[in-house]
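Q: Take a look at the following structure, please.
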Amino acid sequence: MITVNTLQKMKAAGEKIVMLTAYESSFAALMDDAGVDVLLVGDSLGMAVQGRQSTLPVSLRDMCYHTECVARGAKNAMIVSDLPFGAYQQSKEQAFAAAAELMAAGAHMVKLEGGVWMAETTEFLQMRGIPVCAHIGLTPQSVFAFGGYKVQGRGGKAQALLNDAKAHDEAGAAVVLMECVPAELAKKVTETVSCPTIGIGAGADCDGQVLVMHDMLGIFPGKTAKFVKNFMRGQSSIQAAVRAYVAEVKAKTFPAAEHIFAD
């Protein structure tokens, strides 16, 4: 079974970590069998599964339900579950209560969004036995504050994002996930922090990659993000598409130049 120690060893060895979102048992089993290292039960289910316009309406009850479903299907992969909007920002104690529910539902790690200001919560959780994935850069729960889905950390804002990563790393984060960050900045973060980094729209030099399942299968309606590749194209089955994704991440051929944001 993949553990926090496994991810650290993969970073040290230069082996790419493959993460993919999963929301139910059948796809979890398929992805696990295809070699996906980490299954992310993302609050992206609000948009991909529930048909909402953002991740904000997703509840802790929703996240626990889908975590339980994924846990029934996965045998080897690590399961990371999102703390949903409103379930952890009020206090460290609130975050622990929500994280404990997700861990009881089958998660091996929880993911929270936010920079330096959330590092104290990261430390609070990890000191109480809950591994944390810290999500920085474009944080979808703050989409309305950002004014839309925009690349983060460009120009004069690069140092602030680096500080976010360092703060979480020093607080004991098990993983730092970067979304929509210039490739050179993501590379610098990866070289700076001791924990593994996972990227989505953050270049090819992160320690691993993640995509939303619906995006990589080409079944999400609407405009496709720059960092997305449709792995279903040219494949005869979903499992073949997932295996192709795993193979390209491991071979360091995905993401390619067309999927990367410049400074």
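Glycine too: its Cβ is placed from the backbone N, Cα and C atoms.
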Q: Of ASP32, ASP62, ASP82, ASP164, which does Swiss-Prot put in the Mg(2+) site with ASP43, GLU113?
A: ASP82
Q: Express the distance between the Cα positions of ASP82 (3-methyl-2-oxobutanoate binding site) and GLU113 (Mg(2+) binding site) as a whole number of Å.
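A: Per the Cα atoms, ASP82 (3-methyl-2-oxobutanoate binding site) and GLU113 (Mg(2+) binding site) stand 9 Å apart.
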Q: What is the number of other Cβ atoms found within 10 Å of the Cβ of ASP43 (3-methyl-2-oxobutanoate binding site)?
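A: Cβ-Cβ neighbours of ASP43 (3-methyl-2-oxobutanoate binding site) within 10 Å number 29.
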Q: Cβ neighbours within 10 Å, counted over all protein chains: which one of the binding-site residues SER44, ASP82, GLU113 has the most?
A: ASP82
Q: Mind computing the max CA-CA distance among ASP43, SER44, ASP82, LYS111, which the record assigns to 3-methyl-2-oxobutanoate binding, rounded to whole Å?
A: 12
Q: For GLU179 (active site, proton acceptor), what is the secondary structure by DSSP, using just helix, strand and coil?
A: strand
Q: Measure from the Cβ of LYS111 (3-methyl-2-oxobutanoate binding site) and count the other Cβ atoms within 10 Å, all protein chains considered.
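A: LYS111 (3-methyl-2-oxobutanoate binding site): 23 neighbouring Cβ atoms within 10 Å.
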